[in-house]
Each structure stands twice: as C-alpha cells, then as structure tokens.
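*Asks:* Can you keep this structure in mind? I'll have questions shortly.
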Amino acid sequence: MSSSKLMDFGLTWIIMMMILLQGCRSCIESERQGLLEIKAYIISVITDPHLDIRRGWMSSDRSCCHWRRIKCDITSKRVIGISLSLESIRPPDPLPQLNLTFFYPFEELQSLNLSSGYFKGWFDERKGGKGLGSLRNLETLDLGVNFYDTSVLPYLNEAVSLKTLILHDNLFKGGFPVQELINLTSLEVLDLKFNKFSGQLPTQELTNLRNLRALDLSNNKFSGSLQKQGICRLEQLQELRLSRNRFEGEIPLCFSRFSKLRVLDLSSNHLSGKIPYFISDFKSMEYLSLLDNDFEGLFSLGLITELTELKVFKLSSRSGMLQIVETNVSGGLQSQLSSIMLSHCNLGKIPGFLWYQQELRVIDLSNNILSGVFPTWLLENNTELQALLLQNNSFKTLTLPRTMRRLQILDLSVNNFNNQLPKDVGLILASLRHLNLSNNEFLGNMPSSMARMENIEFMDLSYNNFSGKLPRNLFTGCYSLSWLKLSHNRFSGPIIRKSSDETSLITLIMDNNMFTGKIPRTLLNLRMLSVIDLSNNLLTGTIPRWLGNFFLEVLRISNNRLQGAIPPSLFNIPYLWLLDLSGNFLSGSLPLRSSSDYGYILDLHNNNLTGSIPDTLWYGLRLLDLRNNKLSGNIPLFRSTPSISVVLLRENNLTGKIPVELCGLSNVRMLDFAHNRLNESIPSCVTNLSFGSGGHSNADSDWYPASLLSNFMEIYTEVYYESLIVSDRFSLDYSVDFNVQVEFAVKQRYDLYMRGTLNQMFGLDLSSNELSGNIPEELGDLKRVRSLNLSRNSLSGSIPGSFSNLRSIESLDLSFNKLHGTIPSQLTLLQSLVVFNVSYNNLSGVIPQGKQFNTFGEKSYLGNFLLCGSPTKRSCGGTTISSGKEYEDDDESGLLDIVVLWWSLGTTYVTVMMGFLVFLCFDSPWRRAWFCLVDTFIDRVKDVLGVI
C-alpha cells in the first residue's frame, strides 16, 4: 500500500472517530427537549434551592448525552438511562405527583431511576394508566424511598418488559400485589422491603413470577406459616429475603427445592422448631441468616461444613432453648467465612472451628455463657477483623495483642472484666471507631493513650469503677469522637481540661461521677454538642448563659450544687426537648417568655424557685415538674401547651381555685397539685381529661419524640458476597437512654414511672389543700384513672356512688375530710383496688364486705365512730344504725364532729383549771387544809425515798 493511500485511510479513520465521538456527545433533539421539560416540571414542584438539576441540563447545551443523570446508547445516540434521584433535598410540601407523559419521548429507555423523589403518585394525561407500556425496552425501574401507595400499581402492570422493579421504602399496604404485577412475567428482581404489606403470600399466583431470581420482602408485616404459602414455586430464586416480618412455624421442607439459592435471610420472624437438615444441601449458599427467631433443639455446625461458598452465617434464638453442638467439624469448615454471628445460642465455649478461620471480618458471640480470659487468639488469627462483639458473657481478664490495625468495632460490655485497662490500649486499638466497655468492673484511671485514638467515634465506659481525672488531651486527641458516655464511675476533677473546636463531639454523658468545679467555658469549643448530661456530680457555681448558644436537644445538670437564677437563654434553644435542672439550689423566677416550640420535658423540681408559673411555656411541652419549690400565685391555664401530659406542682405555695380551663387538656394523664393552698370546689369538668370518658386515643401512645430516643450508628463493612439487591451492612443501635422518671404517690408510697409504665399511669392528686364542697359525681367517669387522692381537704357530702365506675382504680384516698353518709356497697365491684382510705370523716353504717374490701384493715376506717362491722371492733348488733341522711342538709354539723369534740374537751379542761386557780387565791380554812395535805404528802414521799 502506497504512503498516499495509507494517509487517506488514516484521515478517513480519524474523521469517522471524530464523528462517532461527537455522536456520543449529542442526542436527538426531541429527547433533549423532553429532558428540559422534565427539569422545568421538577423545579416547579420542588423548590429546594440546592437541587443540583438546576445547575445542569442547560438549554444552551445541545449535547445532552454528557449531562449528569443521563446515559445514551453509544451508536444510536438515544437516551437509555435517566436518573432523577433527589435524595439530598428536603421533602417538599405538599408532596407532588409525577406526570408520566414526560417520559414517552424516550422510546429506547432501558433504566429509569425515580428514587428519593418524594413523589406521592402518578398521573397520565395522554394514555391513562397504560403509558409505561409504550416504553418497550424498559428493564429497570427504581421507585424506592418515595411516598407511593397502591394507586401506582396499575401503571406498573403495563411495563411488561421490566426485569428489575424496586419499590422499597414507600407507603404500600395490603396483601402481596400479585394481581397488579401479573403481567410482569420477565421480572427477575423484585424489591418490596420497608413497606406495610401484610397478610399471607399467595399460593398459586406467584407462578406468574417464575423467572424471579431475587425477592426482598423484608421489613413488612407478612404473616402466617411459610408451609402454606406459594413462595416455594419460585424455584429459580437465588436471593430470598424475608426478615423482619411475622412469619411463624417451621422452615418448610419445600425450601429444599431452592438449589440455586445464594442468599437466604429469615431473621427477625417467629419461626420455631428445629433448624432443618437440608440447609447442608445449599451448595451455592453465600449468605445465610437465621437470627432472632424462636428456634430450639440441637443445631450441629456440621450442617454448614460442606457449604464451600458460604461467607456469612448468622444464628440466634429468642427461645433460650437452642443449643449448638460441634459434630463433624473436627477439621473446620470447608469455607473461609467473612462474618459469623452466634448470639443467644447458649454457647459455653468458643466453637473450635474458629481456630481454622483466618479471614473473618465480623465475629459476634454475644449473649452467651462464655467465660474465662479474653480470647486474644481471635484477634491474632484474623488480622483483617473489623468487628468483635462479645457483650453479655462472663469473660474476666482483658489482654490484647500487640496491634490490631484493622479493628473498628469492639464491644465487651456486660461481662466480668475487673482489671485495669492496658496502658497502651489506645495505641493497640488505633483504628477503633466504636468501643463499648460498659457494665463491667474495670478499675483505675483512663489510660492517657486513649487520648490518641484519632478514629474513635463512639466510646462507652459507663457503669465501671474507673476513677481519677480524665486524660488532659481526651477532647483534642480524639477529634473524631461524636458519642462519649462515662456515667456511673468515680471520675473526678474538672469535666474538660482542654478542648478544641475541631472536635466533632455531639453527645456528652458524664452523669453519676464526682466531677467538681464550675461548668467550664472550654465546652464552648465543642460547638456541635446536642446532648449534655452532667447530672449527679458535685458541680458548683451558676449555670452559664452561653449554654443557650448551643443547638442542644438534651440538657441535664440535675442533682449538683448549682446556685443562682436560670438563664432565660435556655428556654430559647430551638430544638431543646429535655431540660432537667432539678435537685440544685437555683433561685429566682421562671422566664415569662419562651421562643422554643420544641420542648417536651421541663424538670425543675427540688429547687428554690419563686414567683408565679407563666402561661407561656413551651408549646410542645409534655411533662412539667415543678415540685418542691416556693412558687406562688394561681395555677396557670396552660393555654400555650395544649399537648401537656404530666403536670407536677406539689409542695409549693399555689393559691386560688383549680381553673376550669384545665379541663381542655385532652392529653393529661397525671395531675399532682398536692400540698398547696388551693381552695373552692373541684370542677366537675375534669371528666374531660384523657384518663376519663372524654380522653383522646393518643393518650395511649408513647409521647416521647421517637426520633430522639436513640442514637443510631451504622458502620458499613466491605461487601463479602455478591448480591442482586443490596450488600450486607453491619449496624449498631445504641439507645441514648435518659430514663426520664416521674414520681407519683400511689398506694401510700411514691413510685417512679418511666417510658412504658409512664404510658400506663393515670393519676389525680389534690391532697393537702383547702378544697371544699361536694365531690363531683362526674369523677366517677374517670374510668382509666389508677390513683385518686383527695385526702386532707374540707370536702363534704357523701362518697359518690359513681365511684363504682372507676374500674382501673388501684388507690383511693378520701381520708381527713368531712364526708358523711354510708360507704357505697357498689365499691366492692372495684377489683383492682389495693388501697382504700376513708379514715377521719363522719361516715356511718355498715362497712361493705367482699372481694377487695376483705383485704382492708382497720386503719382504713379510723375516726369514723359510727361505722360498724369488720374490720372494726364495733358490732352492728342487729340494730338499725343511722345512715346519716338527717345530716345531709347541714354539712357543717355532724353528729360527732371530731373538731367540735376536741374543742369541747379543751374548753372544759381550761375552765376547770381556771376555777382551781381562783379557788387557791382565797385565804380560807379550806385553802390552808389543802396546803397541809400537800405538805404531808411530800414528807411521806421523802421518808420513803430515804428508806430506799
């Protein structure tokens, strides 16, 4: 070939390549216009300024194939992939609907990603519900993390070319949508996790999905026995995920048909019985999780020895009756595992096959009965180990290898370790991100090397015997630390000796130690703090105003020695939901205004606060505890806190009447106004409160903000097996448990209520006030109240017969009042009644007998001299005892008013003594004879004493 021809060929080749490359950058004009219309629509319904599509897809750019989120065919220049995932934005309000007509120009579209778009539905202006059928090449459709419900399912049934359908994290509910997906016979991957599907799986209809290779139904509400459901007809399955549902019964024998199964996740159900032998036939199995079920009997690890592809094995049982044995495992497994979890398996020793495992990344042997010295060899054999969980066992002495550069998670909590930490622990575990040593008996100081753990994010040393000062550079060296809990130790000295604004600390929990000094200003450097708990220490000084500069969610400084006024800035922290300053020596008044509407719990009891209670507290307030202060004035109307549930105002100086406006608080479950000076009558409208007939259903719900009860920490590990749906992830969920306690007098003692028990408690305490008038009949409508205390007032009239409707009542105290009449016999119907006290009233008649009333002693009826029958010693003698009706028209005069009786006795005594003194003042023979008699008596006494 001549050089000229060769040059011509080269130029032709270059020109063709340039044309081809240019074609890759351009696209069909109709599709470019379609993309611009999609952009305009999204911007119109989602106004988030951070939406990245605003900065791309420019109308001036004609080469749409290189736009972000767009993929084109390299030869035809047609758009084959569109991704509109908007996961980084805030959800719009209101939620928009998506117009499907925008996608019809893309006739060659193969993949459409609409995940995290915050859409609630679809509409189709041109083709009704059949529009997706025009996208004949569409194989992958991702609708995950939206607000879709079953209204979009009919649209999906037209997309007959689909091979992958992802619907996770939506609002779908009802049964498995087999009819809506009946035409999708080519479907290979179906992801329905994190929805609200329920009921049993269909039996016959699933055969229409016979090509399914991966099915994920986890985190729904499917139920029933797997033996009666049609899932076994899907014999082509390679992945089956059914975790976190309500399936029950044994693993069905038909599962043995899944010869191609690589992933099987049945965790967190109610499966029971023995684990079947046929799991040894799953020769392709890579991932097998049977965690958190009710399995029992013996399980031989020999069943997994032949699974040569196995990488992940997880097993635990809630029944406590599962026992692992090592038969036919003498030479170890034929596979090298990446993750092994054997929790709640009654293991008394570490399985021997682990000696032969050298590629483990995750080891979980928690919640067993393992004991002895810490198994250092697990770390030495598996140099790539990332997570070791041995919590809830009985290990003792802790020893560590020289180095563990890969270990990220170490949980040794709830064991019996009783030695000091190695001085170089921070250097050995230099890569550690998560350390939990809580609930042991570790001694001594925190080693200074722990201040050099640059990667540590979570550290829990609570409930040990650590002492001494914290390392000086703890908060500067551990600059990745976001969660620190040191509760219930004997640490002393200042809280923070040195800090840096580079520290990312979010949660600081240091309660129940011996820290001293003032609240340090070095806290200001920890600008990301959202949780501070310094309660039960020895802190002094005042509460600094600058604490109000943090974006705190929780602030607890209770039970210290703090003085001075409460800074008003604390009441204006935007997202503060718990403020606990109780048990100090704080003084001054409460701030009149608060700009935060997020506060849930305000606990200021056991201080020296004065002034009135403002009616402008947090709008979202649920719990208000101001007990044992010196507050005065009237009870506030709580107009600005309509959701309040618990109001504790006992032992203050409150006066006036109980406001009728309280009856509008439909969520109240506890009212404690005892030991004040409230007067007038009890309003009859209290029946509108939530523990009465007018209560709302949400009184039963947990009134804590659910999103604030826990701190969820996820640590993603490497992918250990191949998955068609999602890779495995290792996560830890540690509660930030603040144990908010409510103290309420029940059954003649103070009980503590928190969380679950708090939601079940309903009580009203108006004792030790100056209330008068009759007890309202309407109080009998408080059908859910468990404790009612009206003692030590001046209430009159009779005991309402309507009290027989208090079917949940456990404690009823009406003592020290002016009640008269008989005890209603209907009260014997109160089967939950444990404490009943009507002592020191003017009651009369026969004491009712039967059921709970047979358990009450005489103390329940003292001071009622006209009551007769058991348990008093007064017999009714067959005579008709006055019922006291003749006194009902005159509440001020009982037959034997105790007060009048004592006044009469006192007057008589004073009169006699005064008469005797007057008698002695006159000089008369009688007076002289009296003194002679007294002198003679004194002489006789002296003589007797002298003889003795």
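Cβ coordinates are placed from backbone N, Cα and C, and glycine is handled just like the others.
OK, Swiss-Prot features for this one:
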- 1-26: signal peptide (SIGNAL)
- 27-897: topological domain 'Extracellular' (TOPO_DOM)
- Asn99: N-linked glycosylation site (CARBOHYD)
- 106-129: repeat 'LRR 1' (REPEAT)
- Asn113: N-linked glycosylation site (CARBOHYD)
- 163-183: repeat 'LRR 3' (REPEAT)
- Asn183: N-linked glycosylation site (CARBOHYD)
- 210-233: repeat 'LRR 5' (REPEAT)
- 286-306: repeat 'LRR 8' (REPEAT)
- 307-332: repeat 'LRR 9' (REPEAT)
- 358-381: repeat 'LRR 11' (REPEAT)
- Asn392: N-linked glycosylation site (CARBOHYD)
- Asn465: N-linked glycosylation site (CARBOHYD)
- 503-526: repeat 'LRR 17' (REPEAT)
- 527-549: repeat 'LRR 18' (REPEAT)
- 550-573: repeat 'LRR 19' (REPEAT)
- 596-618: repeat 'LRR 21' (REPEAT)
- Asn608: N-linked glycosylation site (CARBOHYD)
- Asn653: N-linked glycosylation site (CARBOHYD)
- Asn679: N-linked glycosylation site (CARBOHYD)
- Asn688: N-linked glycosylation site (CARBOHYD)
- 758-782: repeat 'LRR 25' (REPEAT)
- Asn789: N-linked glycosylation site (CARBOHYD)
- 833-855: repeat 'LRR 28' (REPEAT)
- Asn837: N-linked glycosylation site (CARBOHYD)
- Asn842: N-linked glycosylation site (CARBOHYD)
- 898-918: transmembrane segment (TRANSMEM)
- 919-948: topological domain 'Cytoplasmic' (TOPO_DOM)
*Asks:* Among the glycosylation sites Asn99, Asn688, Asn789, point out the residue whose Cβ has the most other Cβ atoms within 10 Å, with all shown protein chains included in the count.
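*Replies:* Sorting the candidates by Cβ neighbours within 10 Å, the top entry is Asn789.
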*Asks:* Near Asn113 (N-linked glycosylation site), which residues of its chain come within a Cβ-Cβ distance under 8 Å, counting only those 6 or more away in sequence?
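*Replies:* Counting only residues 6 or more apart in sequence, the Cβ neighbours of Asn113 (N-linked glycosylation site) under 8 Å are Gly81, Ile82, Ser83, Leu84, Ser85, Thr140, Asp142.
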*Asks:* Measuring CB to CB from Asn465 (N-linked glycosylation site), give everything in the same chain under 8 Å that is also at least six residues away in sequence.
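*Replies:* When sequence neighbours closer than 6 are ignored, Asn465 (N-linked glycosylation site) has Glu441, Phe442, Leu443, Asn489, Arg490 within Cβ distance under 8 Å.
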*Asks:* For the repeat 'LRR 9' (307-332), could you work out the same-chain residues 6 or more beyond its ends whose Cβ comes under 8 Å from its Cβ atoms?
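*Replies:* For the repeat 'LRR 9' (307-332), the sequence-distant neighbours (Cβ-Cβ under 8 Å, at least 6 residues beyond its ends) are 262, 267, 272, 275, 280, 282-301, 338-347, 351-353, 355-357, 364, 367, 720-721, 728.
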*Asks:* Of the glycosylation sites Asn183, Asn608, Asn679, Asn688, which one sits closest to Asn789 (N-linked glycosylation site) when you measure Cα to Cα?
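*Replies:* Its closest listed neighbour, by Cα, is Asn679.
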*Asks:* Tell me which of the glycosylation sites Asn183, Asn679, Asn842 sits in the most Cβ-dense spot, judged by other Cβ atoms within 10 Å.
*Replies:* Asn842
*Asks:* Provide, as an integer number of angstrom, the distance between the C-alpha atoms of Asn608 (N-linked glycosylation site) and Asn183 (N-linked glycosylation site).
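*Replies:* Cα of Asn608 (N-linked glycosylation site) to Cα of Asn183 (N-linked glycosylation site) measures 73 Å after rounding.
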*Asks:* So among the glycosylation sites Asn392, Asn608, who's got the most Cβ atoms within 10 Å?
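*Replies:* Going through Asn392, Asn608 one by one, the largest Cβ count within 10 Å is at Asn392.
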*Asks:* DSSP-wise, what's the residue breakdown of the repeat 'LRR 5' (210-233) into helix, strand and coil?
*Replies:* 7 helix, 8 strand, 9 coil
*Asks:* What are the DSSP helix, strand and coil residue counts for the repeat 'LRR 21' (596-618)?
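*Replies:* Helix, strand, coil within the repeat 'LRR 21' (596-618): 0 helix, 7 strand, 16 coil.
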*Asks:* For a three-state summary based on DSSP, what are the helix, strand and coil counts in the repeat 'LRR 11' (358-381)?
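*Replies:* DSSP classes over the repeat 'LRR 11' (358-381) add up to 6 helix, 5 strand, 13 coil.
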*Asks:* Among the glycosylation sites listed here (Asn183, Asn653, Asn679, Asn837, Asn842), which has the Cα closest to the Cα of Asn392 (N-linked glycosylation site)?
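*Replies:* Looking at Cα distances from Asn392 (N-linked glycosylation site), the smallest one goes to Asn837.
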*Asks:* Which of the glycosylation sites Asn99, Asn183, Asn653, Asn679, Asn688 has its Cα nearest to the Cα of Asn837 (N-linked glycosylation site)?
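*Replies:* Spatially nearest to Asn837 (N-linked glycosylation site) by Cα position is Asn679.
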*Asks:* Could you tell me which of these glycosylation sites, Asn653, Asn837, has the greatest number of Cβ atoms within 10 Å of its own Cβ?
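*Replies:* The residue with the densest Cβ neighbourhood is Asn837.
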*Asks:* Based on DSSP, tally up the residues of the repeat 'LRR 18' (527-549) by helix, strand and coil.
*Replies:* 5 helix, 6 strand, 12 coil
*Asks:* Provide, as an integer number of angstrom, the distance between the C-alpha atoms of Asn679 (N-linked glycosylation site) and Asn99 (N-linked glycosylation site).
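*Replies:* Asn679 (N-linked glycosylation site) and Asn99 (N-linked glycosylation site) have their Cα atoms 65 Å apart.
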*Asks:* Return the member of Asn183, Asn653, Asn688, Asn842 nearest to Asn99 (N-linked glycosylation site) in space, with distance defined Cα to Cα and candidates limited to these glycosylation sites.
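*Replies:* When the Cα distances are compared, Asn183 comes out closest.
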*Asks:* Quick test of the contact rule: Cβ under 8 Å, at least six residues beyond the ends. What residues does that give for the repeat 'LRR 11' (358-381)?
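*Replies:* Contacts with the repeat 'LRR 11' (358-381): 314, 316, 336-350, 387-401, 404, 407, 411-412, 416-417, 717-718, 720, 730.
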